[in-house]
Structure formats: C-alpha cells, structure tokens
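Some features that TrEMBL has for this protein:
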type     : residues : note
DOMAIN   : 5-510    : domain 'Major facilitator superfamily (MFS) profile'
TRANSMEM : 12-32    : transmembrane segment
TRANSMEM : 38-58    : transmembrane segment
TRANSMEM : 70-93    : transmembrane segment
TRANSMEM : 127-145  : transmembrane segment
TRANSMEM : 200-228  : transmembrane segment
TRANSMEM : 240-261  : transmembrane segment
TRANSMEM : 282-299  : transmembrane segment
TRANSMEM : 319-339  : transmembrane segment
TRANSMEM : 346-367  : transmembrane segment
TRANSMEM : 373-399  : transmembrane segment
TRANSMEM : 411-434  : transmembrane segment
TRANSMEM : 488-506  : transmembrane segment
Amino acid sequence: MADFRVTSMWLLYFINAFQSSITANLSAYVTSGFESHSLIPVMSVVSSVMSAATYMPLAKILNLWDRSIGFLLMAVFMVIGLVLSATCTNIAIYCASQVFYSIGFSGITFSIDVITADTSTLRDRGLAFAFTSSPYIITAFAGPAASEHFYAFNWRWAYGCFAIILPVIATPMFILLRYNRNKAERKGLLQKRQRSDRTLMQSIVFYIIEFDLLGVVLLAAGLVLFLLPFTIAGSTENDWKSASIITMLVIGVVCLVAFALAERFLAPVPFLQWDILTSRTVLGACLLDVSYQIAYYCWNGYFTSYLQVVYGQSITTAGYINSIFDVVSGVWLFGVGFLTRRTSRFRWLLFCAVPLYILGVGLMIYFRKPNWPVGYTIMCQVFIAFAGGTMIICQQVAVMAASDHNNVAGALAFLGVFGSMGGAVGSSISGAIWTHTLPDALKRLLPESAKADWQKIYESLDVQLSYPRGTMARHAISLAYAVAQSKMLIAGTAIMALSLVWMFVIKDIRLTKDVQTKGVLF
C-alpha cells in the first residue's frame with residue numbers, strides 16, 4: 001500500500017510537471033495567436049491572485065473534511081481549465097481557463113505536499129519533498145521537445161490530451177485517500193463525522209463563515225483590481241487619467257482596506273490564521289518566499305520569448321534553457337534533503353543560497369545584451385537553480401518545523417498565500433515594465449521601413465520572429481527586448497536584496513525525528 005501511495009504521488013507530480021512544461025513554452029504563441037502577447041503578465045497576475053485566495057480555504061477543507069475531498073475538488077478545477085484552454089476561441093476564454101488551471105495545479109501540488117508531510121518525519125521531509133519534485137528532472141527534457149511538436153500539429157491538443165490523462169492518474173490517489181480514511185474510522189483512529197442537524201440554509205451560512213468567503217472575495221478582488229492597472233496601462237499620461245484605470249485602482253485599494261478591517265473586526269473565522277505568524281520563523285520564511293517570488297516573476301514571464309527573439313533559439317532549445325532550473329534544482333534537492341537530514345539544521349543553507357541567487361540574477365543584468373553569448377545566461381540560470389531549489393525546500397521545512405502537525409496544512413497554506421501574492425506582484429511589475437518600455441523602445445529603434453508595424457510587432461511573437469536574424473528590424477527588436485529585460489532584472493535584484501534581512505529572522509530550529517507524527521494519511 002505504501003508503494004502504491006508513493007507511486008501515485010510521483011505520477012501526479014510527473015503529469016503536472018510534464019503538462020506545465022509543455023504549455024509554458026506554448027503560452028507566448030497562444031496569446032500571440034490572439035494578438036495579445038503583452039497580456040502574459042495579466043494572466044499571471046490574475047492566476048496567482050486566485051491561487052493565493054484558494055490556499056487557506058483548501059487547507060480548511062483538508063482539515064475540516066478530509067484530504068480526498070480537497071484533492072478531488074482541485075483535480076476538477078484543473079480539468080476544467082485544461083478543457084477550456086483546448087476549446088477557447090478568444091483571449092478572454094483562454095485567460096479564464098488559465099485561472100481555473102492555476103487554482104487546480106496549485107491546489108493539487110499543495111494537497112500532495114500536505115500528504116507528504118502526513119507520511120514523513122520532520123527530519124526526512126526535505127528528502128520527501130525532493131522525491132515528489134523529482135519528475136521535473138525528466139519533464140525538463142521531454143516538455144520542450146513535445147511543445148514544439150504540439151505547436152507544429154495543433155497546440156490545443158497540448159491541453160486536450162492532459163484533460164483526458166489527468167483524471168486517469170488522479171483517480172487511484174483519490175481512491176487510496178478514501179480507503180485510508182475509512183480504514184482509520186473503522187479502527188477508531190479517526191472519529192466519524194456526524195450528520196449535523198442544520199438546515200440547508202444554515203449549512204450554507206456555516207460554511208460561508210467557516211471558509212471566510214467574504215475575506216476570500218475581498219482579498220482576490222482587491223489584489224486583482226489594484227495590480228492589473230500597472231500591467232495594462234500604457235506609458236502615456238492619458239492612460240493613467242482614464243476612468244477605467246482610476247476606478248480599478250480606487251476599488252482595489254478600498255477592497256484591500258475592507259479586507260484588513262473585516263479580518264480584524266468582523267470575521268468569526270479569519271481567512272488567515274494570524275496566530276501562525278506569531279512564530280518569527282514562519283514570518284521570516286513567508287517574507288523570504290514573497291521576495292523570492294516577486295524577484296523571479298519580474299523577469300521570467302518573457303524569458304523564453306527573449307531567448308527566441310534575441311538568440312534565435314527554437315521552441316525546444318529555449319524550453320531547455322528555461323528548464324535548467326527544473327533539472328539542476330531537481331537533482332540538487334536530494335542534496336539539500338540529505339544535508340538537512342545529516343545536520344538536522346536548515347538555516348545555514350539559506351545563508352549560502354540567498355547571496356548566490358542575488359549573484360545569479362544580478363549577473364543576468366550585465367549579460368542581457370544581444371552581443372553576449374547565450375552561454376553566460378545559461379551559467380546564471382545554473383546559479384539561480386542551485387539557490388532557488390535550496391530556498392524552496394528550506395522555506396517549507398522552516399514553516400513545518402515551527403508548527404505542530406495539526407497546523408502543518410495551515411502553515412504550508414500560509415506560505416503558499418505569500419508565495420502566490422509575490423508571484424502576482426512580480427508579474428504586475430513585469431507587465432508594467434513591458435508596457436512602459438518595449439513600445440517606446442520599438443518606436444525609437446526600428447528602422448523607418450518597419451516603424452509603422454511596431455504595434456503588430458509588440459503584440460505578436462510570431463511577427464517578431466518573422467524578421468530574419470541579421471536584419472536591421474530584427475536587431476532593433478532584440479535591442480528593445482534587452483532594454484525591457486534589463487529593467488525587469490534590476491527590479492528583481494533590488495527586491496531580492498531584502499532576503500538578506502529575512503533569512504536572519506528565521507530561527508535555526510533543530511530537526512528531530514519525533515517532533516511530528518508520521519503516517520497519518522487521512
């Protein structure tokens with residue numbers, strides 16, 4: 001049974017990793033097909049915000065009901081997202097599909113992480129997470145090659161085939177979770193939930209309060225409405241004076257203020273379990289994660305497009321370079337897990353990882369020019385992979401080490417909320433720099449023969465690649481990309497520098513064998 005559980009978890013991670021690797025390389029072409037290449041950060045902002053709003057309710061579902069219900073719900077969300085992506089006819093439907101997909105993807109990953117925590121000791125948890133993440137090593141090679149074939153044949157099948165495969169792979173895991181729960185109830189290890197005497201309306205009100213639906217709506221609406229204007233508004237003064245932009249900013253701020261007030265004074269069951277933040281270790285790990293995610297998403301959204309436009313790389317090769325993080329960190333995670341198990345400490349690894357990550361991102365600023373060979377970018381990606389993989393594991397171990405087992409799901413959810421919000425902010429910064437930099441750079445650098453087409457060039461990766469390498473127009477596009485990416489990397493490096501403070505906030509907790517329970521798979 002244990003082998004079946006481990007195999008099911010690994011296969012789920014493999015399918016998720018394979019699918020995300022394929023679609024990540026196709027996203028720029030899908031949006032370009034709808035003449036909306038510049039909307040990549042917009043989709044990322046909305047998807048990240050909705051994922052952030054999902055973590056805490058999902059953690060409550062996993063604890064209040066059981067692991068299987070939460071897992072099934074997230075699988076349904078992911079399948080809906082994949083089906084919508086495969087059948088979308090415009091950019092609006094594609095954006096909506098990415099929101100459903102992101103919620104489901106993040107939720108399934110979170111559910112598996114909680115189950116992994118259920119079935120491992122604290123000291124071995126780094127190795128356990130390294131094992132569940134190991135499929136990324138394989139999919140980093142298979143995904144980019146598959147994405148190029150899907151693009152040549154029909155990109156819709158990149159989503160459609162996984163809408164069929166995912167339920168097949170997820171069903172055994174759901175059955176196992178239900179079986180283990182029923183087994184625990186029969187043995188008396190878990191008290192069977194009694195049917196309540198509430199009416200339907202009373203149950204609806206109960207769960208609205210229990211899951212703090214008001215807080216979820218206010219947080220999601222506030223973040224989306226506040227962050228999107230920075231991404232979609234152009235560089236002209238008139239854009240910022242438009243009624244729609246001003247309205248979104250004002251309503252977004254009002255929603256965020258209302259969220260804070262409602263959580264403090266109104267919510268019987270707050271969206272965020274603020275008592276968890278009384279631990280400086282949890283607080284430090286969350287702040288480190290939000291800085292890391294902001295820094296990463298500041299530049300990564302347009303990275304594969306940059307590689308194809310500036311260096312003339314194919315979809316496959318650009319995907320390989322973009323997947324360096326998955327390969328290197330996937331292997332290195334086992335080293336991190338072994339070191340934390342061997343030393344029973346994790347903070348010393350952060351002291352090595354944070355400066356290395358800042359170095360890697362900072363060097364990319366210097367090498368973000370078309371005249372530098374692509375090998376220097378690959379070198380920086382290797383630095384980032386070693387450092388980023390270390391930080392991810394150490395953040396997870398830190399919040400779990402500072403919590404008892406009953407609060408592990410809540411602590412991991414808290415980390416997920418901060419990480420997703422960081423991703424949303426980073427994507428918003430990326431979009432703001434893109435919309436305020438690339439159009440002006442294109443207008444300034446393009447030769448006279450191509451200046452009239454700057455809008456088409458801006459909105460479509462296919463149009464950008466249609467200009468042969470070596471021509472004046474292609475060189476101008478490459479220089480414009482370099483200007484935009486350099487500013488994105490400068491922003492990411494500046495924000496990541498805050499992590500030099502956050503790593504000292506985290507306590508150096510000793511990891512022991514008996515701090516938390518093992519084998520509680522309900």
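Every residue, even glycine, has its Cβ placed from backbone N, Cα and C.
Curation does not apply to TrEMBL; its annotations are automatic.
Using a Cβ-Cβ cut-off under 8 Å and counting only residues 6 or more beyond its ends in the same chain, the transmembrane segment (411-434) has close neighbours at 38, 40-42, 44-45, 48-49, 51-52, 55-56, 58-59, 106, 110, 113-114, 117, 223, 227-228, 230-233, 272-273, 276-277, 282, 285-287, 289-302, 395-396, 399-400, 402-403, 484, 487-488, 491-492.
The average pLDDT computed over the domain 'Major facilitator superfamily (MFS) profile' (5-510) stands at 85. Between the transmembrane segment (488-506) and the transmembrane segment (346-367), the number of CB pairs under 8 angstroms, six or more residues apart, is three or more, so the stretches are in contact. Long-range Cβ contacts of the transmembrane segment (127-145) within its own chain (Cβ-Cβ under 8 Å, at least 6 residues beyond either end) map to 6, 9-10, 13-14, 17-18, 20-22, 24-25, 112-113, 116-117, 119-120, 315-320, 322-324, 326-327, 329-331, 333-334, 336-338, 341, 393, 396.
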